[in-house]
Every structure is written in structure tokens, then in C-alpha cells.
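Everything on this sheet refers to the single structure shown next.
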Amino acid sequence: MATATATASRLAVLAPRTLPPAPGRRRHAPAPGCAPSRPRALSAAPRGRVLCLAAPAPAAASSIDAGQDRLQKVPISNIRNFCIIAHIDHGKSTLADKLLELTGTVQKREMKEQFLDNMDLERERGITIKLQAARMRYIMNKEPYCLNLIDTPGHVDFSYEVSRSLAACEGALLVVDASQGVEAQTLANVYLALENNLEIIPVLNKIDLPGAEPDRVAQEIEEIIGLDCSDAIRCSAKEGIGIIEILDALVTKIPPPKDTSKDPLRALIFDSYYDPYRGVIVYFRVIDGSIKKGDKICFMANGKEYVADEIGVLSPNQMQVDELYAGEVGYLSASIRSVADARVGDTITHYSKKAASALPGYSEATPMVFCGLFPIDADQFEELREALEKLQLNDAALKFEPESSSAMGFGFRCGFLGLLHMEIVQERLEREYNLNLIITAPSVVYHVICADGETVECSNPSLLPEPGKRRSIEEPYVKIEMLTPKDYIGPIMELAQDRRGEFKEMNFITESRAKIIYELPLAEMVGDFFDQLKSRSKGYASMEYSLVGYRESQLVKLDIQINGDPVEALSTIVHRDKAYSVGRALTQKLKELIPRQMFRVPIQACIGTKVIASEALSAIRKDVLSKCYGGDITRKKKLLKKQAEGKKRMKAIGRVDVPQEAFMAVLKLEKEVL
């Protein structure tokens, strides 16, 4: 608490108060020729109010002044590159805001919450989707230091981008909520940081909350991760407590970059985005050598050449400079037309003096989850295509191709990195481009081994080869780690078993919390697994997953037929053991939603030609005997026979139109039952 009080006094601003005029009295203007009287300062503090706070401490004041000179060069030994790793809602963005404000990088009048989160979606959800970088200047012991913060997304869908961002740093702040403790994504990102040999500084955030238990959480970090927390920094980013200590720790504990400015240029791309006027803007960290404005550069993964028209630093707005050398973080503009030409993880080098080898770790993003996007209004098809093309300019991981369905018309089959990525794209399409969409149930990429030994990738059930042409089907499996309080171990294990999970191990990381590890099919997780996990644990459990490979499974294609006609949009690939329950749920739901016809309509769930579940819509019956007030029975039989023949003919040529509402309801049901 002594440290907290000292820090609060260092961050305060001197603000003298003046007495308000007494009720019923007016303040008179000074007489002509007289100097205006100065307002009297408060001589004593009113009861229950703070009189005034201390003036800024020399360290804080000099840091704010230094923020204006952040373009000035410093020796490589005074550069510190770091990132912040944390679970969702542990205060990462708030801490970044405070660091920017205290170092004078962003003026107080320009400051807003979640300053580095540019999208409205990021602010609403409280998550980081698009990473950002910021250059700060900090004075410690009269020595200027350059601090480069790379703000990373925390979700597993973006783990490749996070790994490239970590490769651009020498250290990381591990931020843990002092009231919630270590969560699943905290662990995953710490392991990524340890793989990159980063110096990790533990920070216990939100110590001002009534439920904060910093001692317990520090012990948790030591037991689970193995980090020494004896000197862990206790802070409150919201209240500004402990921020000076964090800045000092960044300087003293994180090692500087290696001085390799004389070597051939190698720069690591950790992000890029599309600017409609300047083309693709590339964010990079110079690992070796230096780069100047006007240099001819080459991307080593695809061999494309460009001229660096503009280079600069991110502070956090773009500020142009003439040169960047080893250890520095910046951006470049070179009239690049496509984000796919400047992929995350690629290496930039000089065209004339190429580096001997590219930086390790580069790989192209591969979509893991697929779904169909169809406009409710068919006239919006071209607008949907344009919207997807615009999103793809900023997101090279987004893949899409045209798809047509007899039920829903023309649309697109889209590939995403994961479920969060899929949700973000869908929400942006609806919000930013005013599109009303039908979204099919998400599916994964299956490997189909054909009879001739060829392996075919299949993400759409309608493209699955016939049973006679395939030998087996393999599906992707993931390793899932769930952290939960011990009270909810039973319900969570039951959930994993229901989803065809294979139990691997369980251990108690503390007395009251356990880590459960399962391996289960990705297809079982892309539905409502996360929602079920949260509801069964009352919101306390968290999860993290990673792909472990493909395994052969007893998978079948489940078709839905309405009046004998297959509806491709409702076809799914399911495990043979779950086919009956899924088919029964779909046929019952369709029976409720499809309007009755003048003839009987069978609704069937089929595996090949075998019907495994069936429902029927009874015909709307017209009373043709209403005009018969008696008479011979043969007259009635003749009318009924004529009606039956008409219904038979109508059924043969009749077509059942499934309403859009029925499709949307059934697709929602598919996401729940698959």
C-alpha cells in the first residue's frame, strides 16, 4: 500500500481550488483602474474531501516531456521491445492506455478508453482483434529509452499472428487479474512466449478491487507456470497504481536487441492492413541491418520486389522517418496492391544485397472452419461479393468462393481461422455493409481417402464423394485444455464425453482449481461447445485448444429429403452414432416449420438410400362430401376417389417451398445438435 500511495502522489496533478461565492452574494467587478483581486485559495479542506494532490514527480513529469521527442534516435542498447499477454478482460488494453498516457505518447485531451482498439466491435466485446504497435520514449536516470509496445490479440484463432508478434519482441508483460487468477489463454500465450525465449515480467492487475487476492494469484502463477513472483508488480491500470514500477521493470529486466545493424537487412512482418490511398501498409521489426526511405526491397516468401516509398514509426499514429535500424519497429508503404503479397511472418530484405536465409517460423494461414453465407434478398448477392472482397483486403486469412443452393439461391462458401474469426466477419458484414445474411451450420475440412488411394479435402457436405468411391474419412482432432473450479469437474467431463472426447489427463493446479485435458473432434467443438462450457460452470471455466492432426472416424453424410427431393443446404456430415438423434431432431423441427400443403409431404433423414428418421405433414383436407345430404354410398366413394387421384397427381408434380424462416431455425438447430 505504501508503494501504491507513493505512485498515486507521483501521478497527481497540482490543481488549486478556489472558494465558490456564498449563496445570495454576487461577485463584483473591480473598480476602474484597480487590479482584479485574486481568488482566495482554500485554507482548510472541507470535511470528506481531498484538498489537493502532490505535483507530478520528476520521473513522471520528465517522461511526459520526453514523449514529445519520441522520434529522436537512441542507441540500440536503449531499445526495449515488449508485448502484453493476458486472458480476455484481464486489463491488457487499459494498461496499454496508461503506459501511452504516462509516457506522453498520447496527450491527455486525446486519450480515450481502449485507445489501441480501433474497431467498434473491439470496444463492445472488450477484445483485441487487430494488433497495434506504439513507440514510447521514457526517461530513467536521465537516460532516454525507446519502448516499443506490440499489442497482440489474445484469442486462439489468432495464435499464429501472436507467435509472430512475440518473435518480434525480447520481453513480455504477463498481466493476470488479481481477483480471477490464471486462465486458459494466459497459459497458452505464456507457453508461446517461453518458446520464443522472452523475458517475462509478471504483473498482478486490478488490486484495487474488493475481491482481489494478489498473494493467492502470485502463488498460483508460481505453481502453474513456474515463474518467480516474489517481485511481481502489483498494479491497478484503471487507478494508475504501479505504472512507474512497470516502466522501470521494462527498462531493467528486458534485454536490448542484438546490435546487427551492419548485417544484410532482415525484417519480420508481424501485421499488415490495406489503405485505399496508399495500398498495403506493412508493420515490421528490423531484426538485422537497416532500411532507408527509397530502398528497393524484396519479400523472401514470394520473391516480389517493391520500392519503400515511405517508412516510419508507430507512435501510435504513423510518423515518417528516413531510416530504421536493427531493433526498431516501424511501418512501410510501397504501393503493394494485395495483403496476400505481404503475409504475416514473411521476411523483408534488400533486393541488391539479399540475406542468406529468411527468418524462421513463416507459414500461410489455413482456414479451419467453413460455413455458407447467403443473402436473404437475392438482389444483395453482388453487394455481398464486394463486401467480402473489401474485407479480404485487410484479412488474408479469409477465403471465399461462390456457391449455389436450390433452397437459398446464390451465396459464398467462406473459410475462417476459427469460430471467433467467423463471428467477427459475419458481424462486420451485417453492421458495416448493411447485409441481411443466412449462415449455414459451420463445418470443418475433412480428408476423404478415395478408393484409388487419392486424398481429397472436403469442407462442403454436398461435395462428398459417393460411398462406393471412398475408402474412409478423416476428421481434424484438437487438444483442449479446460481450467475449472473443482465444483464443476463432473458436468464439464460429461460435456466432453458427450462430444466424443478422449480423456487424457486431469491435475489440480491449486487446491480449488483443476486442469482437464481432452482430445476431441473439431467438428464437435464448432457448435455450441463454448456456450455449454460456460453455462455448466456458471461462467468460471475457460478453455484453450490446438490442432493435433487428422484421425479416421465412422462419418456419414446425412441428407434431408422433403417430398422426395434432397435439400442440399441441410445436408451435414455426422458421426454414425449420432446420425439418428440429429436426423430425428431435424425432421421434427421441419415438420413444425413447413406450412401444410394440399397433399401429404414426407420429411425424411437419409444415409444414402436408407431412411433413418421420418416425419410427415398431413394434407389439408377439403370436405368434398359436404354437398352430399344422403343418397347412395357409391356417389360418396366416387367423389373421394376423384379427390385421391387429384392429390396423387398434385404430389407427383407439386413442389414444396421451404420458407426462409424455416431454414434459419433449422440451421440454428443444426449448430446446437451437431
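Sequential numbering from 1, following the chain as shown.
Even glycines carry a Cβ here, placed using N, Cα and C.
In TrEMBL, the region 'Disordered' annotation falls on 1-41 of the listed ranges 1-41, 206-246, 288-328, 534-574. For the domain 'Tr-type G' (77-258), the model's pLDDT averages out at 80. For Ala86 (GTP binding site), the number of other Cβ atoms no farther than 10 Å from its own Cβ, over all displayed protein chains, is 25.
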